[in-house]
Amino acid sequence: MELQEVLHMNGGEGDTSYAKNSSYNLFLIRVKPVLEQCIQELLRANLPNINKCFKVGDLGCASGPNTFSTVRDIVQSIDKVGQEKKNELERPTIQIFLNDLFQNDFNSVFKLLPSFYRNLEKENGRKIGSCLIGAMPGSFYSRLFPEESMHFLHSCYCLHWLSQVPSGLVTELGISVNKGCIYSSKASRPPIQKAYLDQFTKDFTTFLRIHSEELISRGRMLLTFICKEDEFDHPNSMDLLEMSINDLVVEGHLEEEKLDSFNVPIYAPSTEEVKRIVEEEGSFEILYLETFYAPYDAGFSIDDDYQGRSHSPVSCDEHARAAHVASVVRSIYEPILASHFGEAILPDLSHRIAKNAAKVLRSGKGFYDSVIISLAKKPEKADM
């Protein structure tokens, strides 16, 4: 099976779907002020045609209700600028392209469009037709839009996914050189970490180059993705997954060869690596860069119905929080896990993820490290 066929969130609306388990809204709270500033500066710059039709691409939109959280924030930010101007100019039409891989569950996304349009008219007074939303399926590591056609590109929690598993993780004899690991983790040897960094450098450079061509001069890009910060020792979702798969091997429920042959195309860069790649590629100016961390159980509600939870308030809360974390991790990685290990292993794996999540939460290290970076396309010399 081709890698891109399983590189998507768990679709549908079931208990293990991404739509039911994502805590995306909690992360957007941190991103929203930077998003608003990007939109405001774009509109005030009077770029070509922006006051007639504001063109936006959301790269890696995933599926479910969370897809429209960013769209709503973008629309509200645009309209906020119009209100501040206090003039009679009509608000620009907004054209938004939702992008993800072809296997993304776009059906569940567009089933929500009618209610989104109704809420938009109710909350923002925008008539249907003044905000146009469509799909642009395909890899965001390839061309998606015509040259100099877009004003703003946004991507949230996607760019840590690589275009492919790095080369060099298996010898010519088919022996894994990343034993016991599923990505470039702290336990990986330096050559493995370099292979993942090289692949990220190649992919992120391609991403910047291609999408700089799609943006108009001085167009903006806002990116948020997981990162690693040396001063914090926060195991991320991949670390939880790696620990839990190793537990299954130790307990005899999974063959070691299955673990050693499982390499996930994910890399969490440092902020220094991100800055270096942006500067070396050269198309963008870094306007803003911030790191933050959010708790594993962001979005958790004690009212959520997790089966089998204890009746003791304290242990019940701990069990439910850990179960919530396991559900989120499963909703992200289930397609690629099922493809490699088979679906039968998923319930046991989820149980072990919850156990490991509970340990990390008790240790006070249950946080995801993230980076927000705001970029502006450098103007051509003729535009300066």
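Count begins at 1; order follows the chain as displayed.
Cβ atoms here come from the backbone N, Cα and C positions, even for glycine.
In Swiss-Prot this protein carries:
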BINDING   TYR18, CYS61, ASN66, ASP100, LEU101, SER139, PHE140, CYS156, CYS158  S-adenosyl-L-homocysteine binding site
BINDING   PHE27, TYR157, HIS160, TRP161, SER237, TYR368  theobromine binding site
SITE      HIS154  site 'Involved in substrate discrimination'
BINDING   ASN178, ASP260, PHE262, ASN263  Mg(2+) binding site
SITE      ILE266  site 'Involved in substrate discrimination'
SITE      VAL328  site 'Involved in substrate discrimination'
SITE      GLU343  site 'Involved in substrate discrimination'
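DSSP assigns TRP161 (theobromine binding site) to a strand segment in the three-state reduction. DSSP assigns ASN66 (S-adenosyl-L-homocysteine binding site) to coil in the three-state reduction, placing it in neither a helix nor a strand. Using a 10 Å Cα-Cα cut-off from VAL328 (site 'Involved in substrate discrimination'), the binding-site residues that qualify among LEU101, TYR157, TRP161, ASN178, SER237, ASN263 are SER237.
With all protein chains in the displayed structure included, the most crowded Cβ environment within 10 Å among the recorded positions LEU101, CYS158, ILE266, VAL328 is that of VAL328. Ranked by CA distance from CYS158 (S-adenosyl-L-homocysteine binding site), the binding-site residues ASP260, PHE262, ASN263, TYR368 have TYR368 at the top as the closest.
Here the binding-site residues are ASN66, ASN178, SER237, ASN263, and the one ringed by the most other CB atoms within 10 angstroms is ASN178. One residue stands out among the recorded positions ASP260, GLU343 for having the most other Cβ atoms within 10 Å of its Cβ: ASP260. The two recorded residues, ASN178 (Mg(2+) binding site) and ILE266 (site 'Involved in substrate discrimination'), show a Cα separation of 14 Å.
The candidate set comprises the recorded positions HIS154, HIS160. Of these, HIS154 has the most other Cβ atoms within 10 Å. Rounded to a whole number, the C-alpha distance linking ILE266 (site 'Involved in substrate discrimination') with SER237 (theobromine binding site) is 11 angstrom. Among the recorded positions TYR157, ASP260, PHE262, ASN263, GLU343, the residue whose Cα lies closest in space to that of PHE140 (S-adenosyl-L-homocysteine binding site) is TYR157. With respect to ASN263 (Mg(2+) binding site), the closest of these recorded positions in Cα terms is TRP161, chosen from TYR157, TRP161, GLU343.
In this structure the C-alpha atoms belonging to PHE262 (Mg(2+) binding site) and HIS160 (theobromine binding site) are separated by 17 Å. Listed in sequence order, the residues LEU169, SER176, LYS179, CYS181, ILE182, LEU259, SER261 complete the 8 Å Cβ shell around the Mg(2+) site centroid, once ASN178, ASP260, PHE262, ASN263 themselves are left out. Counting in whole angstrom, LEU101 (S-adenosyl-L-homocysteine binding site) lies 12 from TRP161 (theobromine binding site) by their C-alpha atoms.
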